[in-house]
Amino acid sequence: MHKGMQQMMTRLKKVDCVIEIRDARIPISGNNPKFAGLLRARPHLLILNKADLCDMSHKESVLEELHKDGIQEVLWTNCKEQYKKTELSVYNVMVIGIPNIGKSSFINAVRRTHVQKGSATAVGAKAGITRSVIEKIKVSANPKIYVYDTPGVLAPEVKNISVGMKLALCSCLQDHLVGEDIIVDYMLFWLNRHQKFQYVTEFELEEPTDDILFLLNHVAKKNNKYIKHRSLDSNQGRIVYRPDFTAAANIILQKFRAGDFGPVMLDAKINN
C-alpha cells in the first residue's frame, strides 16, 4: 500500500484532475484520509459507484456530510451501464480509491463508451486486483483523455470495528482476512437493525432471525453444501457429513453484494 501511494504521488504532477471513487453504500466509511494530499493538489471529483445497490433515500444526508468535508463535486453512478458522451476538455486523469470499489470498472466503462474498445484493465470481485499504477489508458479519442488506474489503498488503521465490518461487507477487504462467518454475522445484525428483511423471503425463512448459526445451517442445507469427514466416535471411522458454513457464508455474501436483499446505505444513521 505504501508503494502504491508513492507511485500515485510521483504521477500526480502529470495529471490535471483526480477522480476519487467510493462505494455508494459506504460513502463516509470508504474514505481514506491518506488521499488528502492528492486531493488538495488537483481538482477533485468524487464518484459514488455501485449506486444501483445503494438506498438513495439517504442521498441528501450523505451529500450534507460530504460537503462538510469540503467535497462539492459528487456524481452517483453505476459503471455496469453505459452513458451518453459529454463534452470534456483534454485531461490526464488519476483515478483513486480504496480496494474493490470499482475503479477499473469505471475506467473500462468510460473506455467502452468513448472509444468502443474492450477492457484495458483487469476487474475482479475481490480486493487487490490492480497492484500498481498502470501506464496511461486512453478512454476518449475526441477529445483525447487519458487515465491512470491506481491500486486500492486503505488507511493504515481502520478507525473502528464498525467501519472495518462495513468495508469487509462491501468486499473492500479480503473475506478470509476477516472471516466469512463474521462478515455475515455483521450483515445480519445490520439488516435486522435497519429492518431490511428481504433475506427472510430470499432464504424462505419463517421469520427474521438473529441466530447466525441457524442461518448458516439453513442456507448450507438448502443449497446442499456439506463437508465430509471421518467420525471419531466409532471404531469403524465412518464418513459423516456436516453443513459447510463457509460455503453458506459465501452464498449469503454473494447475494448481499448483488443487491438481492435490497438497496442499502451502510453509513445511514438511525434513531435508536
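Every residue gets a Cβ built from N, Cα and C, even glycine.
Because TrEMBL annotations are produced automatically, they should be read as predictions rather than curated entries.
Computed from a predicted structure; not experimentally measured.
According to TrEMBL, the features are:
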- Asn49, Lys50, Ala51, Asp52, Asn100, Ile101, Gly102, Lys103, Ser104, Ser105, Gly152: GTP binding site (BINDING)
- 92-186: domain 'G' (DOMAIN)
Remark   = In this predicted model, the domain 'G' (92-186) has a mean pLDDT of 76
Message = Neighbour count, 10 Å Cβ-Cβ cut-off, for Ser104 (GTP binding site): what number do you get?
response = 25
Note = Reduced DSSP state (H/G/I helix, E/B strand, rest coil) at Gly102 (GTP binding site) is coil
